[in-house]
Amino acid sequence: MTDRRRNILILVLVGALLAAAAVTLATKPTRLGLDLKGGVELVYQAKPTNTTKVTSESVTRAIDIMRQRVDALGVAEPEIQNSNGDQIVVSLPNVTNAEEAARVVGTTAQLQFYDWEKNVLGKDCKPAPTDFSVTGGPSAGRQGGLKLYDAVARAKRCPPLTDLNSATGTKYYLVDDEQRKVIAGPEESEQTLRDSEAAKGAPKDARVVEVNEGTVLVQAESINPNADASDPGPDSWYVLRDDVALAGTDIKNPEQNFSNGPGGGGPNVTFEFTGKGAKKWQEVTREIAQRGQSFVVTADGQTVSDTQSRAQHFAIVLDDQLVSVPFIDFAQNPDGIDGSAGSEISGGFTTKSAQALANQLKYGALPIALEPISQSQVSATLGQEALDQGLVAAGVGFLVVALFLLVFYRVLGVLAVGALLIYAVYLFALIKLIPVTLTLPGLAGLVLTIGVCADANIVIFERVKEEVFAGRSIASAIGLGYRKGLSTIIDANVVTLLTAFILFILSTAGVRGFALTLGLGVIVTLFSAVLATQALLGVTGANALKNPRLVGARTHGTKRRFDFNGATKYMFTLSGVILLAGALAIATKGITFGIDFESGTRIQAAFAQPVTEDQVREVLAREGTASADVQRVTGSELGPNTVQISTGELTPTRVNEVNQALVKEFGDTRGAPQVQSVGPTFGQSVARSAVIAVIVSLLLIAVYIALRFEWKYAATTAISLLHDLLLVAGLYAVTGREVTSATVAALLTVLGFSLYDTIIVNDRLRENVPRMPRAAFSQISNRSMNEVVVRSISTVTCASLPIVALYFFGGETLQDFAFALLVGTVSGGYSSIFISSPVLTQWKEREPVFRRRREALVAQLGHVPPFADTKLDVNAEVKQAPRPRLTAPESPERAVPKAEFDQMVRELHADAAPTQVAERETEVVPTGSRRREPDRPAVADTPPPVRDSAADALPEDTVMKDTRPKPKRNKKHGRPR
């Protein structure tokens, strides 16, 4: 297959894929993340229970149950996924009430039924069914409770009970005896208790109290008739023997309904019992009824007048909180209550809370405990503005990159812009097809990949310009440019792909979108920038590119040379001063970590009327958060009256109370306030993942470079990467910018971009070492860096242009992210030339081979010149594969130039001017006649030798002759024409 036909087939494939992409773009919707359309994100830490450990199966089961609960709410396109193995991230688009979302999704919904009087424990840890001070008597569940500190102290004295139908195991509490309060708990282990969020900042003399298995603390029934499950409830607790009569698995078909009381009654939850549950229900209610009847009859056989006060109760407990404690009327149900008719749970429900409880019971209890560790809420207004700004940044980034390519590469730039358009269509269609949820970091990744795609074209185009300057034709230069630049592109993009993979595996959900779009962009780049652009060039042909100026190349002149190794000491000094200043800033000022790494709550609210920081502090002081940090957010897209409140971690209920107080004082806000709440567990997880990601990235990159080049190249590359990371960290300390999880993503991306230029230099060093067999390594390094410095500057510039657009047009949210990317990209280009290569040169110069060369040059010239004499010390490039058979070119313009022909002659060791052959006389032959054979001297006929009859037979005489007639040949070659 000819090259032209292959290129046409590739373009047909490109066109077919473009048509399919257009259909995808027109029919598939774009899935936007919460930060682009508003909603609530909740992150939970999975914890084991007494019966279930945290495994992949239990987490998957919990996610399934949570998804069913969310679906029952009617939330469109929710996302519930596992993160880091033991965390669950719940994204609920267009949800404005984070408190309600947390209650519906994260409630464990462990439902238990207890025989109340039989299990409430007194001071001696024994049941006291007739002691109203323990059971509450007629007001069971609302009276007779203890403060939590006293309840824990009583429960601690109870011995372990292992022969009961216990639902929980041993629990641990952290108490402050001086303040007589419980600081944290209950937890499954002492270590988990120490590491919990509530235990942070506990006094040193706080002690751990262990409550043995078989004893459980339940909170009293709420006295607020409109309270829901998120209400903290009264500080009234009961100590129960954990002997569960029925569990949530014994009921079925729970539904929200209304009781038959006066005026229609209040909301309740009705349910039926399973076959096994109905039998248990009748047995336990019969026992309660008979015990109540026995308490009504006194010792002398008399019946007390107030029979209801002696009635016994059963308790309905949901997640260690009493929902209802109804009594059993022994007069109407002496044999218990028939379970075939089902039952109901009532008492202080709203319609929403009753429906939520019904859904929780319907889909079952979560198999594991879930601790909320992070909560964020974004208003739809802010999401839309962030989307608009991200799209503007993407458009501006595309335009400036296209303009750069057109100015510097002329016709090649036009083809590159076409490849960029193809790349954009493919990538966006792929995002819709998978589908990928597009978040704000993901949108930043799209902007960033514009530079990645353009850089791949630049690597090839600069190689084409070099070949043109060396004297090759345009067609030959294009072929060689693609062949020689392909390995560099693959190496650089593989490293970027490794970085994106590590980010995707180890990062948080928000950064994962960035990693996914970056990885997809790299894959699409390899297709559009290599195959599509080369096919376009091949089909366009060399006729349109005969003039080297059309590709921005020069064919004559002298290239300027710079002694990079001679400037090493100055550049090392400059880098040392910058790194020292950064280290001093880190030591004195420290690095400001964002809320991703430190626990706390951040509320950003935009008010319609002007407010001051002092006014906001006064409102917060009245709400009990006087220590909150209040700052005015300048340049915010939400308007001039935007304030940011940073304080310790607040529960969803407390966040709602603070927001209501602010609205009451200053009026409505512009959209719902943006809330982000992070616990210490989540911050530690983010920090741990960030450290692991950086270390793993460096190791994988070093291994890959060592395999592709050698281990010294890998070591010096790692040194330059550490230089870039320290430089970015120092600038963050100097400027006081916050380091967030997005910053970590930017730093890891910087590693990939820094390697792009480093690989370009290393690839040229590897190419020049065998071509300069008598040169010192410093001369090889100088020559290589001079050959690629323009390419490095071009790739850094092209990669920086969309980042600059992201910084200025991407909104305040992405400024810190773009800042890290911009500084790291520029530093990466600098370190690849002035850090990595000089360090490698110093190292390689100590090898015996290069040390001998250096000594020979010193002995001959008295010093080592910065550059080798090209005529004496540089050999022609050695071809790795034999040259294919020469054939006539398809078109005259593709003929081999004289310079290339001369090189072929030298490689084949042929005589450039062979001896001329005597010309033969020209003979004219009439058309249609055969050429007359030249006259030959006649040869006398020689008769065959006569053999004696007794002679041995010759070999051919022993073979039977084929006497069959041969088929007649059908015209020429025996085949029909």
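Backbone N, Cα and C define each Cβ position, glycine as well.
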Per TrEMBL record, range annotated region 'Disordered' [choices 184-206, 667-689]: 184-206
Stated TrEMBL location of transmembrane segment, expressed as one of 309-330, 485-506: 485-506
Transmembrane segment per TrEMBL - which of 349-371, 740-762: 740-762
Winner by Cβ pairs under 8 Å against the transmembrane segment (817-843), considering only 686-707, 714-734, 740-762, 788-811: 740-762
Tertiary contacts of the transmembrane segment (740-762) (same chain, 6+ residues out, Cβ under 8 Å): 441, 448, 455, 459, 488, 491-492, 495-496, 498-500, 502-503, 507-508, 510-511, 514-515, 518, 594-597, 686, 690, 693-694, 697-698, 701, 705, 709, 713, 717, 720-721, 724-725, 728, 732, 784-785, 788, 791-792, 795-796, 799, 814, 816-818, 820-821, 824-825, 827-829, 831-833, 836-837
DSSP-derived helix, strand and coil totals, residue by residue, for the domain 'Protein translocase subunit SecDF P1' (59-115): 24 helix, 17 strand, 16 coil
Taken over the domain 'SecDF P1 head subdomain' (235-368), the model's mean pLDDT: 80
Folded-back contacts onto the region 'Disordered' (184-206), same chain, C-beta under 8 angstroms, at least six residues removed: 47-50, 152, 169-178, 217, 369, 371, 373, 599, 649, 679-681
Tertiary contacts of the transmembrane segment (686-707) (same chain, 6+ residues out, Cβ under 8 Å): 84, 491, 494-495, 498-499, 502-503, 506-508, 596-597, 713-715, 717-718, 721-722, 725, 741, 744, 747-748, 751, 755, 759, 762
For the domain 'SecDF P1 head subdomain' (235-368), residues assigned helix / strand / coil by DSSP: 47 helix, 39 strand, 48 coil
